[in-house]
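What TrEMBL records for 102-171 is domain 'SAYSvFN'.
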Amino acid sequence: MEAKLKEYRALRHRKWLEENEKAKAKEEPEKSYLNFLLSKNSFKMDDEKKEDEVPLIVNEKPTTSQVLIQPDETPSGGRTLEPIYNPTQESWKYCITKWCIYFIIWLTVYIIFLKLQFGAVYFVISLLIGIYLNTRTGPKKEGEVSAYSVFNENCASIDGALSADQIVRELTFGPGNLQ
């Protein structure tokens, strides 16, 4: 009985938190230039879908990068930690809309440069900018494994890297052979 009461209180607390987050989201609109492109009906449909969803795994543990930990009172007087999802994650609609607008702007400028007969130059420069933006220029995070195994602790290689022994085995016996 006490376990059911605890589950009920946790469910009630979670619903209360969700309602507070929804109220905050409606009071403070997203600071985005793309809000006018997304219809209000799409937000309502997302809310309806979320209400219809039933979690299959009740005790699923989210990763620490996705949650904030907040203490929650239990009836036994102790304190437990309740995960709250981080609201800074972008939705897929926002991401698709943002990249579509970027592509349309790039295509418009490319067409202008084609008219000026500098289309190849613009394409090459935008390719180089794209390569630069997709490579990390900052320092690596704490505890992150380096692509060069000599810089890692105990010279540990990253997942998927081939060792010299594995290359010799595959050349000798063929790929995927377990000899």
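Including glycine, each Cβ sits where the backbone N, Cα and C put it.
Across the domain 'SAYSvFN' (102-171), mean pLDDT in this model comes to 85.
Taken through DSSP, the domain 'SAYSvFN' (102-171) splits into 43 helix, 0 strand, 27 coil.
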